[in-house]
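Q: My questions will all concern the structure given below.
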Amino acid sequence: MSDFREQALKYHAEPKPGKISIEISKAAETVKDLALAYSPGVAEPVREIANNIDDVYKYTGKGNLVAVISNGTAILGLGNLGPMASKPVMEGKALLFKRFAGLDSIDIEVTHRTTEEFIDTVANIADTFGGINLEDIKSPECFEIEKELIRRCNIPVFHDDQHGTAIVTAAGLLNALEIQGKDIGNAVIVCLGAGAAAIACMELLIKCGAKREHIYMLDTKGVIHTRRNDLNKYKELFANNTDKRTLEEAMEGADVFVGVSGPDALPAETLKLMADKPVIFACSNPDPEIKPELAHAERSDLIMATGRSDYPNQVNNVLCFPFIFRGALDVRAKVINDEMKLAAVQAIRAIAKEPVPQAVLTAAQVDKLQFGADYIIPKPMDPRLLSRVARAVAEAAVASGVARLPMPENYMGSEL
Ligand SMILES: NC(=O)C1=CN([C@@H]2O[C@H](COP(=O)(O)OP(=O)(O)OC[C@H]3O[C@@H](n4cnc5c(N)ncnc54)[C@H](OP(=O)(O)O)[C@@H]3O)[C@@H](O)[C@H]2O)C=CC1
Ligand SMILES: CC(=O)C(=O)O
Ligand SMILES: [Mg+2]
């Protein structure tokens with residue numbers, strides 16, 4: 001067994017299996033404490049909530065609690081391995097919610113027969129939580145699931161692989177294109193993958209200025225074009241009126257490659273076909289579409305990002321989901337809308353252009369980080385992500401009319 005594999009298994013197994021636990025937040029030592037916490041004291045908040053349902057936010061942990069819900073059908077880039085195999089990833093997302101945004105989070109893995117059964121299961125328990133983060137649910141089912149849950153639930157529902165990924169990709173790509181001296185409106189973009197992450201990334205890039213007709217999206221059968229008759233309605237939106245059919249043909253002259261497909265899916269020699277100063281985002285986890293060392297060996301004028309934390313430029317939804325939920329829950333937003341997503345894009349990309357605090361350099365184990373080819377996007381452990389992104393998201397929720405509460409006074413204090 002490799003050293004790293006052994007370490008990873010040990011990390012998860014010892015000293016106690018798993019990565020999260022539940023702690024109590026009130027005194028529960030004496031007979032008086034128990035009388036307050038349980039019977040008879042607990043009856044008082046019960047009566048209050050029965051009279052005014054919004055009091056559930058006042059007397060319980062609902063407002064700070066996010067459910068991470070999966071069915072294990074698209075676990076990272078590892079595939080459909082089932083609900084139980086997804087549990088380490090979902091516990092990991094819960095860990096990140098707590099570590100980076102102070103949100104309590106619990107993982108829920110759902111076994112189901114039909115899409116309707118999954119939707120019913122989640123809708124029926126949704127009121128327990130302040131928000132729902134859907135994770136690693138394969139396309140095309142994920143689109144219907146998210147749409148229907150947003151319609152049925154009274155709290156924000158957000159499919160992280162779609163929108164978290166899209167927000168971070170857009171932030172990183174806008175910065176990378178700026179460094180390469182390119183305009184997103186003119187950029188030719190190849191998107192390998194046509195699932196949850198791909199469709200959402202490309203839709204958000206279009207909202208940021210990319211041209212739909214400049215996008216070549218590919219699935220396992222090749223380029224998605226107008227003469228294909230095997231496309232679902234989500235892929236159809238990206239059917240390009242083109243004669244290109246293969247990855248090699250799509251890469252010819254392209255400015256940007258976004259990989260949200262699977263491991264080692266991009267042959268190194270195709271990089272030579274791209275335009276000058278290209279941008280390569282190989283975001284499949286844990287193994288990217290192309291390894292950075294192979295890409296850099298192929299040409300020296302590219303900007304390279306992966307989804308991993310052990311290379312420069314980690315384009316991963318961890319830079320978004322803890323903070324977008326923090327902002328949304330703090331103003332009790334009904335939904336997470338486009339205004340909030342675009343505010344998160346701008347807040348994330350702005351941080352990368354500023355001097356990096358020493359604490360971040362220390363955590364990243366580097367001496368220096370400066371906006372440029374090897375630093376297009378902040379590090380996940382940058383504390384400014386919490387204050388800046390959450391604030392931008394909360395303000396956008398209030399301004400766009402989806403917040404149930406006003407901006408909290410002195411929000412995030414002086415942490416800006
Ligand atoms: N860095 C990050 O933050 C994130 C990265 N990802 C990564 O993106 C990938 C996809 O995730 P997600 O969208 O949720 O999964 P989905 O199952 O929804 O979609 C996968 C898509 O990838 C396509 N695909 C798979 N292998 C290949 C290949 N060799 N060539 C071309 N297309 C391929 C599939 O094609 P077809 O439709 O023909 O089956 C499908 O369209 C995963 O590797 C995941 O780790 C996802 C979210 C966040
Ligand atoms: C990062 C992530 O959510 C994924 O790869 O699925
Ligand atoms: Mg995921």
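Glycine is no exception: its Cβ is also placed from the backbone N, Cα and C atoms.
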Q: Among Asp104, Asp161, Asp183, which is the one TrEMBL gives for the divalent metal cation site where Glu135, Asp136 also bind?
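A: Between Asp104, Asp161, Asp183, TrEMBL records just one in the divalent metal cation site with Glu135, Asp136, namely Asp161.
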Q: Do any of Lys93, Glu135, Asp161, Asn285 (recorded positions) have a CA within 10 A of Tyr38 (active site, proton donor), and if so which?
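A: Among Lys93, Glu135, Asp161, Asn285, not one has a Cα sitting within 10 Å of that of Tyr38 (active site, proton donor).
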Q: Specify all same-chain residues, apart from the site residues Glu135, Asp136, Asp161, whose Cβ lies within 8 angstroms of the center of the Cβ atoms of the divalent metal cation site, ordered by sequence.
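A: Not counting the recorded site residues, we get Ser70, Ala74, Ile75, Val89, Leu134, Ile137, His159, Asp160, Ala196.
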Q: Reported in the order helix, strand, coil, what are the DSSP residue counts of the domain 'Malic enzyme N-terminal' (17-150)?
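A: When I sort the residues of the domain 'Malic enzyme N-terminal' (17-150) into the three classes, I find 69 helix, 18 strand, 47 coil.
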Q: If one measures from the C-alpha of Asp161 (divalent metal cation binding site) to the C-alpha of Asn316 ((S)-malate binding site), what distance in angstrom results, rounded to a whole number?
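A: Checking the Cα atoms of Asp161 (divalent metal cation binding site) and Asn316 ((S)-malate binding site) gives a distance of 10 Å.
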